[in-house]
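Q: Got a structure here, written out as structure tokens. Questions coming.
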Amino acid sequence: MPGPVVDTEKPVSAPPPGGNALDRYFRISERGSTPGREIRGGFATFFTMAYILVLNPIILSGATDKFGHHLSTTQLVTATALVAAVMTAIMGVGGNLPLAVAAGLGLNAVVAFQLAPKMSWPDAMGLVVLEGLLICVLVATGLREAIMNAIPLPIKQAISVGIGLFIAFIGFIDAGFASRIPDAAKTTVPVQLGGTGTLTGWPVLVFCLGVLLTVALVARRVKGAILISIVVMTVVAIIVNEIADLPAGAWGLTAPKVPDDIVASPDFGLIGHFSLFGGFSEAGVVTASLFVFTLVLSDFFDAMGTIVGISSEAGLLDEQGRVPNIGRVLFIDGAAAVAGGAASASSNTAYVESAAGVGEGARTGLASVVTGALFAVALFLSPLAAVVPSQAAAPALVAVGFLLMAQVRNIDWTQYDIAIPAFLTIATMPFTYSITNGIGAGFLSFVAIKLALGKVREIHPLVWGVSVCFLAYFAIDPLQQVLGVK
């Protein structure tokens, strides 16, 4: 697998003799990295995903449960930062991969707008805990790892490419460079340039300048290119915001303005507020079970795609496309879902923005320890963490999208039984804004084409099983209607 263009070296086959304990534990030299790269990578990952400290509380506090109760925004900020800090650090120490963990977008929306209206908040978070426990059981039995190993290598490569397009698209959307058009507009295009079909406003200009700066630094192979771009464009955004006197809403979730109070006291009031089986009595066994199934499948394959994609870009996959320490990594990811539910922060999972750290040269779990430490600091400095606007961080996602996209050359496009599932995997992720949907499209088309070609023996039994699960996942709405729960 080709590594990122930025500040990278080919991993060597064995660590050099000697080295300090930190180097030996994280295998930094063995993977062709340095402590400096790992630290820069940890910072880059944190800055590209710090928005979750604002967005997760907005999503969860903006919904009410069955009894009209809201969750406290202040308490949600604390819960979000706490779980991200602890589980990201554990991922670094236990999994030794440059993977950060935080509240999963999409999963938190399911909790807020599908689960909570049918039960209390503790009941909804209890189902999240149950989802995480089920994933841990799948890992403990070896089933989750077996499924990952059963995926054909070209599909794994397609997952990496699809994630590259997906995170680049996220960058365009978050920065306001492109926007989703509501269905009510009755237009013929799903997205448009800017907010009105043209690029307008200072924030979008900051993003465009950020993209140009980032790609220029990447092309010149400047050390710390992504982190330099984020810092420089944040300073530019602060200056622009002061001179232009823009309203806070012009920048989106976070405005580039130095806060009056840098320190904020964390509020741990939501920690431990969950009921493991309360949702089954409130919403009914069938409804609650379908919710858990949806959460498990989404979290299972979102995380799987992210782990494969990030590991592939970091050059850590072996010849069979297997991820190092995968058993521990998957178990920690499942435990993160448990921790998220137990803290009322919603399900936590591996973050695709970890690719920003890999783009900086991160190859080990030390980068994750750094990211986790920054989330821990954010518990007390949350106002400062909100200074970086999306327009300064999003260029990193676009640049990393390019780095991941480069892996498309490893797919044999002359073999249609592989090329078509790979294409559908790649295309479906950004177009449906979902990693899980892309993986599902790849699985189902792979099975269908192998059947059509009479190559049934080439379909792994686990691929059959997963495909059946994806059929149920995509047909969840009519399935609910048949069962009379919708």
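Cβ from N, Cα, C; glycine included.
Just so you know, TrEMBL annotations never went through curation; they're auto-generated.
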Q: With TrEMBL as the source, which of 274-297, 394-417 is set down as transmembrane segment?
A: 274-297
Q: Quick check on the annotations: TrEMBL lists transmembrane segment for one of 96-116, 159-179. Which range is it?
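A: Matching range for transmembrane segment: 159-179.
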Q: For the transmembrane segment (128-147), name the stretch out of 199-218, 274-297, 459-476 with the most CB-CB pairs under 8 Å.
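A: By Cβ pairs under 8 Å, 274-297 leads among 199-218, 274-297, 459-476.
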Q: Against which stretches of its own chain does the transmembrane segment (41-60) lie, if we need a Cβ under 8 Å and a gap of at least six residues from its ends?
A: 71, 73, 76-77, 80-81, 84, 98, 100, 102-103, 105, 108-109, 111-112, 174, 226-227, 230, 253-254, 344-346, 351, 353-354, 356-362, 366-371, 373-375, 378, 382, 385-386, 388, 390, 393, 396-397
Q: The transmembrane segment (459-476) and the transmembrane segment (274-297): do they have three or more Cβ pairs under 8 Å, with pairs 6 or more apart in sequence?
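A: Taking Cβ pairs at least 6 residues apart, the transmembrane segment (459-476) and the transmembrane segment (274-297) are in contact, with 3 or more under 8 Å.
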Q: The transmembrane segment (459-476): which same-chain residues, six or more beyond its ends, come within Cβ distance under 8 Å?
A: 143, 146-147, 150-151, 290, 293-294, 297, 436, 440, 443-444, 446-447, 450-451
Q: Which residues, given as numbers and ranges, are at least 6 beyond the ends of the transmembrane segment (225-244) yet have a Cβ under 8 Å from it?
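A: For the transmembrane segment (225-244), the sequence-distant neighbours (Cβ-Cβ under 8 Å, at least 6 residues beyond its ends) are 6-7, 40, 43-44, 47-48, 202-203, 205-206, 209-210, 213-214, 217-218, 251, 255-258, 356, 359-360, 387-389, 391-393, 395-396, 399-400.
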